[in-house]
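K.L.:
My questions all concern the structure below.
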Amino acid sequence: MLASHPLLQQLSLPPRPPPFQFSSSYSPRLLSFRALSCFKPLARPSTASAGAGAGGDYNRLIQSLCAQGHLAQAVQLLPHEHNPSQRTYEALILACGRHNAPSHAAAVHRHLIDHGLDQEPFLSTRLIDMYSHLDRLNNARYVFDRTREKTIFVWNALLKALALADQAEEALALFREMGRLGVPMDSFTCSYVLKACIASSSHPSAAPHRVKQIHAHFCRHGFASRVYVVTTLIDCYAKLGSVAYSERVFNGMIERNVVSWSAMISCYAKNERPFDALELFREMMVKEPETVPNAVMMVNALQACAGLAALGQGKVFHAYILRNALDSVLCVVNALIAMYSKCGSFEMARRIFDRMSDRRDVVTWNSMISAYGVHGFGEKAIQVFHDMISAGVSPSPITFVSVLGACSHAGLIDEGKRFFESMSREHGISPRSEHYACIVDLLGRAGRLDEAVKIIEGMRIEPGPTVWGSLLGACRIHCNVELAERACVRLFELEPVNAGNYVLLADIYAEAKMWEEVTRVRKLLEAKELQKVPGCSWIEVKKKLYSFVSVDEMNPQIEQLHALLVQLVNEMKNNGYVPNTKIVLYDLEPAEKERILLGHSEKLAVAFGLINSGSGMEVQRMAEKLSKEMKMESKLHFASLMTSTVPSLMSQM
């Protein structure tokens, strides 16, 4: 046993002092090193390792201890090795990062300096990576500045550390310094500098221009044909919402791999183009059948299925996941829970969740909280949150987005406010823009607009478009023209090309019968050459996906669809449904406005399903999905009546 080794038995172990803190003005001579931890009995090492230790060479013994996860004992042995090898220091550095042990990291670093190996570029790279993982950026900078021979790997290590720490300005300055000094960059340099542009929270509006500049720089220096770089570009443009640029880069690729395909599928799935995501997946399987979908691609495909409520397609992917043992990958299982819940198969989502009790992470819990929230079960979502805390899982920022959203949909005002206040007080999470957007939405839906405005005015960060958008949506519900105009002043500055904000303001003016203002907004849209993207809905019928846009006159069944919708609306009117003609931005007769409303993409999709689906199950699921997604009170009434009317209408067909 390693615990019986003579040297291990001689080690004196003082009490554990308080956690070590790094100073921002890092200096090895001023480091106060924490005492070493008590060791536990260890498994028997290999004969070679034990023999090496007995003979006075502890390199292999230290490496073995690191590999087995016994970092404290390895650090205790380090002073007894008179000639530590580079591999020994690498093992110790990697173990310090892996175990998140800043005190041991400081001890190893001090030893490395004492032995004169701090100028080894390879070890400097490892040290920078370690300090980045430990969130000790000042220490990473110190290592970089002290290293005289800076290889490309040393430069890349600090560039990566700065990008991960959201230090975009410094990362870009470092990149420019590389160019000034003539340091040759590689694919990893390109990737890290792009990620730095995207990760910047201080200047998010500058990110698109910076990415395009970096893209042009790569093209000039011959990196535009490298798969790794091009794939990162696709991902960056996707995160910026620039789908057209991602498509252009992807279509220009000479060589593609599974990561490239996955990046483009993810781009579509995360930018509200799930139909295109599944189409691209199908294209990949046809054009490059040798490409084997991996776990990341399956997550993206499942997200697309969730966006389409395509339960049949989702089940096909689930079968593939089971056949290829991808259900052992946690992120895939989490995506399955989200897919089933968003497709209306809540029982299946819960069944998967219950089966993975021993390996749930925070994303798993978030998926279940979101599932309950989407289905309107706010109190159950709150209970899952408390179960997560009881299980010892710390909430993430996304957790609070999910639980605040659940409170908003269920009208749990006081509970939502308590969760918002507990973020920083109990969990140490500073509210972000999306959290403020949730609480504004929560208060706005309840008609507490003045309180929502006070929340915005008291924000510690600059209100973003999501926050002002939530306020504008609340103004639409309650027809508050004054606050809507105030919100739009900021939205027009933050999102000058988002036509949806103009249309929503016009909706509010129309409801207030301010027709001159409606005309003014429409002219403003025309002057800016902005056009709202038509609404699009999908329905899965007989294992095929069909998409519909608003006023879809090109559909060969359009006359049948309109005739059926008239019949459906008349049935619903008998049950109390009153068409919301206020959203039609024209001063027309009520009957003409009702006719325009029949062209909405959701209604066309349901009518298509009624005509072409034998069982009506897909239509029922589509109607249920509408009732969960429609935020406007009038739309919610329409969807709930549709859900109850569809079965009776199906029995007549």
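Note: Cβ is positioned from N, Cα and C throughout, glycine not excepted.
Note that the structure is a prediction, hence the values are computed from the model and not measured.
This is the feature table in TrEMBL:
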type	residues	note
DOMAIN	576-620	domain 'DYW'
REPEAT	151-185	repeat 'PPR'
REPEAT	257-291	repeat 'PPR'
REPEAT	361-395	repeat 'PPR'
REPEAT	396-431	repeat 'PPR'
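Would you situate these features in the structure and describe their surroundings?
P.N.:
Across the repeat 'PPR' (151-185), DSSP classifies residues as 27 helix, 0 strand, 8 coil.
Residues 227, 230-231, 234-235, 237-238, 241, 243, 246-247, 250, 297, 300-301, 303-308, 310, 313, 536, 538, 545, 547 of the same chain lie 6+ residues outside the repeat 'PPR' (257-291) yet bring a C-beta within less than 8 angstroms of a C-beta in it.
Here the repeat 'PPR' (361-395) has, by DSSP, the following mix of helix, strand and coil residues: 26 helix, 0 strand, 9 coil.
Here the repeat 'PPR' (396-431) has Cβ contacts under 8 Å with residues 362-363, 365-366, 369-370, 372-374, 376-379, 381-382, 385, 388, 438-439, 441-443, 445-446, 448, 460 of the same chain, all six or more residues outside its ends.
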K.L.:
Restricting attention to the repeat 'PPR' (396-431), give the mean pLDDT.
P.N.:
93
